[in-house]
Structure formats: C-alpha cells, structure tokens
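Below is one structure, written out as structure tokens; the observations come after it.
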Amino acid sequence: MEGIYLVHLMVMVLSLGLLAGALCQVDDGSDNETTAVYIITLKQAPASHYYGKLRKNTNVFKHGVPRNPNQFHNRRDNSRSNWSSSSYVARVHDSLLRRVLRGEKYLKLYSYHYLINGFAVLVTPEQASKLSRRREVANVALDFSVRTATTHTPQFLGLPQGAWVKAGGYETAGEGIVIGFVDTGIDPTHPSFADDISLNSYPVPSHFSGVCEVTRDFPSGSCNRKLIGARHFAASAITRGIFNSSQDYASPFDGDGHGTHTASVAAGNHGIPVIVAGHCFGNASGMAPRAHVSVYKALYKSFGGFAADVVAAIDQAAQDGVDVLSLSITPNRRPPGIATFFNPIDMALLSAVKAGVFTVQAAGNTGPSPKSMSSFSPWIFTVGAASHDRVYSNSIILGNNVTIHGVGLAPGTDEDTMLTLVSALHAVNNETTVTTDMYVGECQDSSNFNQDFIKGNLLICSYSIRFVLGLSTIKQAVETAKNLSAAGVVFYMDPFVIGFQLNPIPMSVPGIIIPSPDDSKVLLQYYNSSLERNETTKQITKFGAVASILGGLKANYSNSAPKVMYYSARGPDPEDSFLDDADILKPNLVAPGNSIWAAWSSLGTDSVEFQGENFAMMSGTSMAAPHIAGLAALIKQKFPSFSPSAIASALSSTASLYDNNGGPIMAQRAYANPDLNQSPATPFDMGSGFVNATAALDPGLIFDSSYDDYMSFLCGINGSSPVVLNYTGKNCLSYNSTINGTDLNLPSITIAKLYQSRTVQRSVTNIAGNETYKVGWSAPYGVTVKVVPARFSIASGERQVLSVFFDAIMNSSIASHGRIGLFGDQGHVLNIPLSVIVKVTYNTTTNG
C-alpha cells in the first residue's frame with residue numbers, strides 16, 4: 001500500500017464558493033437504496049467563463065464572511081461580492097430543484113458556480129431523468145469513485161546548482177506561487193510547512209483569496225504564511241453513510257499521511273532533518289521550497305472518495321487563485337461515453353486551465369500493461385514514475401561466507417562478530433505450537449516464544465502475504481525481537497509471495513528483509529543444515545548457523561537511473577472505453593516517484609511501518625506528480641505570463657532521454673523481477689522523457705495551445721457536439737473549424753492511424769534571444785518523415801511554423817517511434833517525440 005495504493009475519494013460541504021444547499025426533509029423510514037449522487041450541469045456558463053483571468057483580481061472573487069464566524073480562519077480582508085454571486089447561483093439551483101421535484105425528497109450536496117455552473121444532488125434515477133429533460137439542464141452525470149494513484153531528488157534533478165540558482169537560491173525558489181493539492185489533507189504542525197524558518201519577508205500572494213477551516217482537529221492558527229489555505233470536502237461520501245468523522249477527520253487534517261507527503265515533495269521547506277526510527281537520513285526539501293500551499297482534502301483513508309467531491313475541490317481551488325493544481329488521483333474506471341475526455345473531473349480541469357491554472361495529475365499505478373493510462377486529456381499534464389540514483393542496500397553474511405542482499409533501513413550488527421541464527425519456529429514456548437498458531441513464524445507476539453533461546457541471537461521470521469495485506473507488520477516483529485532481547489531480526493520471504501516489491505522499511509534494531517524467495521531458500525538451507533539434533537529425540541541441541549548483518553542505513557548513489565517503474569501506467573492514451581487509441585501522447589513525462597522521502601502526518605495511518613514518524617518513504621506516480629507541480633511553480637515564478645500549455649511545453653520539450661550513465665532510459669516491463677525484464681523506454685512509457693529541471697527554466701522555444709484549441713479538438717470528436725454543449729455551454733458551430741489530437745500544438749506528435757500520408761504542423765514561439773535552429777529527425781519504423789524548414793532563424797518573440805510530412809511505407813499495427821530535434825546555436829535543445837501506431841500504405845493488407 002505504501003504510496004502505490006487505491007483510495008476511493010470523497011468530499012465535504014464546508015465551502016463558501018461551493019455552497020451546501022438546504023437539506024430537504026427525509027422520512028426516517030424512506031427507502032434510499034435506489035438513490036445515487038448525480039452531477040447536474042446547467043447550460044448557463046459558470047463565473048470563470050465570464051470573467052476568465054479576473055480570478056486573479058482579489059476584488060472580484062473572494063470568499064465572504066461565513067454564516068458561522070468560527071467556521072473559517074482567514075487573516076486577509078475579504079470582499080462580500082463573491083459571497084453574493086455564489087449565493088445567487090445557489091438560490092437558482094435550489095429554485096430549479098423545487099420546481100422540478102415539487103414535493104419530492106432529495107438532498108443537494110454542492111452548488112458549483114466557478115468552473116462549472118451546476119450542482120451535485122442525491123436523487124433517484126427517475127428524478128435524475130426529470131432533471132435531464134429540463135431546458136436549463138445541459139448534462140446529468142452519475143457520480144463515480146476515484147483513487148490515488150524528498151531528501152535526495154532535488155540533488156538528482158540538479159536544483160541546487162541549476163533551477164534554484166536561476167530562481168535566486170532556495171530561499172526564494174517558488175516565492176509568490178500558490179500550489180493547490182487535492183489529496184488527503186495536511187498536518188499543519190509539520191516543520192515542512194512552518195513559515196518562520198527564514199528571516200526574509202514571506203508575504204501571502206495578493207491574488208490568492210482562500211481561507212482555512214477551523215475545527216477541533218484544525219484549530220485557529222493552523223495556517224500561516226506558508227500554508228495559506230485549507231478545506232475539506234466529503235458531502236458525497238456522507239450521503240452514502242460511510243464517513244466516520246472520528247477516523248477520517250472532518251477537517252483538513254491529514255489522518256492518512258499521503259497528502260502531507262505530496263505537499264512536502266512539491267513545496268516543503270528546505271533543510272528539514274529526516275529522522276526515522278531514531279536514524280538520520282539527511283535533510284528534506286520540496287522542489288519549490290518557498291512556494292505557498294493550499295490544500296483541498298478530498299481523499300480519506302477508510303473509504304477514499306467520489307467525483308462530486310473532487311469537482312467541488314477543483315472548483316474551489318481555481319476560485320481561490322491557485323497557480324498550480326496537483327492531483328494524485330485517477331478514476332477507478334475509464335469514463336463511459338464517446339470519449340474518455342468527457343468526464344466531470346477532466347472537464348472541470350479544462351475550465352481551470354482556461355482560468356490559468358496549470359494542472360498536474362498522476363498517471364496511475366496500473367502499469368506496465370499498454371493502455372493502462374488513467375489520465376487522459378491533453379490539457380492535463382500527466383506524470384509517470386521513475387527511479388532515481390539513490391538506493392538503500394542491506395546484506396547479511398552467513399557463516400559459510402555466502403552474502404545475501406536484502407532491504408531494510410536498519411543498523412548492522414558488530415561487523416567483527418558472527419551471531420547465532422535462531423528460527424522463530426524453533427524458539428516457541430511450551431504453550432505454543434505451529435498447530436495452535438500457524439502464523440507464529442511471523443513473530444507478531446513475544447509471548448509465544450522462549451526468551452532463553454532468542455536472547456542475544458538473530459531471530460529469523462517469515463514474511464508472508466499477511467504483511468502485504470497489513471495483517472502482520474515489520475514494526476510488530478521488531479517489537480517482539482526487542483522484548484525478547486534479540487540482537488537483531490532476519491526476515492525471509494514466504495515462497496507464496498511471488499515478485500512482491502519491497503520499499504526499504506525502517507527498523508530500530510539490526511535487521512534485514514530478504515525479498516527473493518530463492519535467496520530465502522539459501523538462508524534456510526544453511527540454517528537447517530547447521531542444526532545439531534539428538535539422534536533419538538530429534539530435539540535441537542545446538543543452533544549452529546551464524547551470521548552478521550551489514551546494515552542498510554547508508555545510501556548508495558551509483559544506481560543506474562532513471563528507469564520507468566513497472567507500476568507506472570503506460571500509453572497509448574485510450575480515447576474511449578473500447579480502448580481505441582487517441583492522437584494524444586500520455587504520459588507527458590516521468591519524474592522521480594520511487595522510494596521518495598517526504599513529510600508524514602503525525603497521525604498518518606496509510607503505512608503502518610511509518611506510524612508515529614515525521615517522514616516516510618513512499619513510491620508511486622502519486623509521488624512523481626508533485627515533483628512536477630513544484631517545478632512548474634519555479635517556471636511560473638520566472639515566467640508569470642506563461643499559460644498552462646507553455647509551462648507544459650517547457651517541461652516536455654527539454655526532458656532528458658538518457659540515464660546518468662549516458663545510456664537510454666530503460667522501462668521495467670514486468671511486476672515480477674522488474675530489473676530482469678526491462679528494455680529501452682518508448683514515448684508510451686515515459687512521454688517526452690525524464691524531467692530536466694534546469695533546462696525547463698530556459699526552454700528557448702515553446703509550443704502554446706489555448707482553451708479554444710482544446711474546444712476545437714473536443715468538437716472534432718465524432719458525435720461530440722451535444723456533449724461539448726452539455727459540459728461547457730459552448731456550441732461547436734461557433735468554432736469555424738475543428739481539429740483532431742494530432743493537430744493540437746503539443747510538443748509531441750501522435751498518430752493513431754496513418755493512412756498513406758499526412759502533414760502535421762507545429763508552431764513555436766521564441767521566448768529567448770535571437771537564435772538559429774537546425775532541425776534533425778529520426779523516423780518511426782515503417783514511416784518516412786520530412787520536416788520543413790530544416791533550418792530557421794527566429795527573433796525574440798517571433799513564431800515559426802514547422803511542417804512535418806509523414807508517409808507510411810509498410811502496413812503494420814505495431815506502434816513505432818521517432819523524434820524531431822531542434823538544435824539552437826545559443827545552446828537550446830528541444831525534442832519532439834513522434835509516435836505512429838497503425839500504418840497503412842496503398843496496399844491495405846496488414847502485417848503484424
């Protein structure tokens with residue numbers, strides 16, 4: 001579960017911009033089994049579509065004074081204008097519900113008014129059908145569940161010598177930029193979010209108008225000049241009767257750990273000591289350590305959450321004025337309908353992009369299968385997970401001079417002393433047998449054992465599927481070892497746990513986990529062959545096996561990296577539920593996501609092994625996405641006028657194609673033994689490549705796309721006109737022409753089906769000085785490519801159109817890839833990945 005885990009989302013009613021409606025009376029004996037939450041969108045455009053970037057004007061959209069003055073905490077003066085406009089919208093929604101469902105029972109959860117004009121309501125299918133027939137109503141969508149998909153990574157990404165230097169040093173990196181997080185909340189007491197670690201002034205950005213909820217779990221003063229906004233959303237979950245306020249915290253407080261972790265990866269303070277299990281693992285820093293944080297809690301440990309709540313969180317974040325929005329969430333299933341892009345979350349994010357918010361989403365942890373991508377739309381920046389060069393290795397040396405490698409953030413034994421190995425199964429007391437306790441070998445209860453056998457020795461315990469399921473824990477086994485005065489603990493892998501990947505786990509005593517079943521057999525064979533037994537009784541008379549644990553507290557930085565992790569979701573991007581391929585490259589790129597140290601909530605329960613700790617090591621695309629969110633903040637700080645697509649272009653076009661040894665970036669292809677099953681990564685594994693933080697701050701050229709471009713793309717999907725009208729209130733007839741995904745001005749070109757030949761154009765804008773570029777390319781297999789012009793000079797601020805000609809020279813349905821490189825004489829280098837899936841020549845007979 002550690003970071004790579006499924007969490008169904010939910011969200012709460014305490015939003016002023018997303019007003020909770022008055023509750024209709026429901027009879028105690030009513031039958032609610034047929035009711036469900038629906039997201040209703042009205043035809044009239046939302047506020048952001050009228051006012052656009054006026055969201056930045058704090059005199060237009062601000063939170064007013066709440067009905068309960070103790071409910072929210074906000075140090076800044078707020079205008080009442082937004083309260084009145086949102087209150088009016090809520091009254092319109094209430095009026096519609098009363099007129100349509102006259103005398104019937106229903107429950108309105110939210111009124112959306114900023115990014116979406118609509119509401120979430122608990123009704124029966126028949127009532128939803130009545131609403132859908134109203135002329136004011138544009139769209140009715142059934143709510144759905146979603147899931148969640150550091151100390152060294154700043155150095156691995158070159159921030160101290162590169163991007164932070166360009167931003168004026170870590171003390172100013174990200175200052176003035178607000179990053180919003182839709183996640184499990186935050187622990188406001190963590191030093192990663194303190195505002196008093198620097199003597200420099202730290203003003204709250206004037207364009208931000210968010211507030212902080214005040215509850216028993218999140219008291220007044222929880223927010224500061226670093227953590228400047230905090231809300232929670234849970235209405236959809238509450239209607240299902242699954243919200244436990246004592247366990248899930250009806251506040252922005254993070255009872256899980258995941259949200260605190262992701263927020264600190266992006267924007268945690270610089271130089272915070274990482275101390276876990278009494279051991280120091282260095283100092284932590286976020287990518288943009290002076291950026292501001294605003295959290296929108298919509299994920300909960302016990303049940304997860306739902307789209308209605310997530311949309312509420314997104315709507316609120318955009319209204320508050322966040323610059324970057326990070327979502328480590330993905331839907332539990334591909335959205336139904338004519339295209340994956342048409343779902344409430346993606347369409348809300350499209351409106352957020354129109355409002356100027358750069359949105360980052362985790363690709364999902366459903367790899368390595370093709371088409372496992374869980375983030376679909378071209379306006380969303382999708383991030384996959386890659387490794388970095390730091391590894392924590394541990395080893396045990398057996399008495400027969402065999403060394404076995406393992407994991408475990410644990411100290412070693414005295415290197416000059418070999419200690420006796422004793423299996424837990426051979427150290428049980430007279431009251432315990434394997435028959436009475438079949439899991440006794442997992443060392444979960446010290447009362448099962450005879451301390452005389454174990455004291456001063458190395459205790460051998462089994463690591464079974466019960467550890468994977470959380471029924472047994474390393475922490476409890478270590479506690480058992482301590483109680484029995486063992487010198488250390490050795491875990492061998494149960495042969496039924498095949499291919500399970502272990503993160504290094506902290507241990508306060510000398511210890512090691514042997515993750516390989518084969519290596520575990522080597523250990524057990526040596527142990528069993530060294531036992532001395534009474535020939536008559538067969539009782540053990542001597543434990544003859546000895547060993548020494550080297551320890552795993554010291555990191556090794558010689559690992560070949562990055563490589564795309566096996567769990568990172570892969571392209572091609574599925575366009576619909578039939579798995580047709582979209583002309584969109586996903587993921588956009590990859591970033592560090594494996595074994596990431598970051599802040600942890602003091603009451604976080606997601607990982608048992610890190611309970612009670614201030615930091616945790618987690619893995620998943622959930623950890624990769626906030627790396628990009630933080631780096632996007634640095635770009636936004638340097639280029640305040642950059643659109644979301646310009647930020648995306650800067651990140652993608654400058655990405656690295658090579659690992660730290662100069663070889664191609666590799667992608668793991670299997671869950672079991674991933675390092676033995678890898679091959680060079682393609683754009684469907686890594687997008688444009690591995691993020692290059694320093695180069696992204698000086699891209700030279702950018703590929704820009706607008707909201708209208710995305711609308712033209714959506715209108716170009718077969719049969720999409722009524723759906724576009726339903727979601728956006730825009731008529732596709734108002735767009736003079738439509739385009740497909742290949743023709744969007746993205747820093748990549750993806751062609752799902754190439755019939756004979758095709759010409760694709762890209763437009764670049766020079767944001768640097770005057771420069772001359774040479775163009776080079778490698779064609780995908782089975783295709784010829786030509787780019788015109790092959791050389792061009794471009795002045796600062798000018799645009800240049802590139803025409804790319806594709807010709808299929810063979811019939812194939814196997815994807816192939818190539819690249820276009822732009823090489824400037826002032827040092828700027830950009831790469832444009834090319835992907836062609838189906839290729840058809842004049843002869844339509846296909847091969848393979």
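Placement of Cβ uses the backbone N, Cα and C atoms for every residue, glycine included.
Per TrEMBL, these features apply:
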- Asp183: active site, charge relay system (ACT_SITE)
- His258: active site, charge relay system (ACT_SITE)
- Ser622: active site, charge relay system (ACT_SITE)
- 37-148: domain 'Inhibitor I9' (DOMAIN)
- 174-660: domain 'Peptidase S8/S53' (DOMAIN)
- 743-836: domain 'Subtilisin-like protease fibronectin type-III' (DOMAIN)
- 1-24: signal peptide (SIGNAL)
Where DSSP helix means H, G or I and strand means E or B, what are the helix, strand and coil counts for the domain 'Subtilisin-like protease fibronectin type-III' (743-836)?
1 helix, 63 strand, 30 coil
If one measures from the C-alpha of Asp183 (active site, charge relay system) to the C-alpha of His258 (active site, charge relay system), what distance in angstrom results, rounded to a whole number?
7
Between His258 (active site, charge relay system) and Ser622 (active site, charge relay system), what is the CA-CA distance rounded to a whole number of Å?
9
Neighbour count (Cβ, 10 Å) for His258 (active site, charge relay system):
29
Over all shown protein chains, what is the count of other CB atoms within 10 A of the CB belonging to Ser622 (active site, charge relay system)?
35
Counting across all protein chains, other CB atoms within 10 angstroms of the CB of Asp183 (active site, charge relay system) number 29
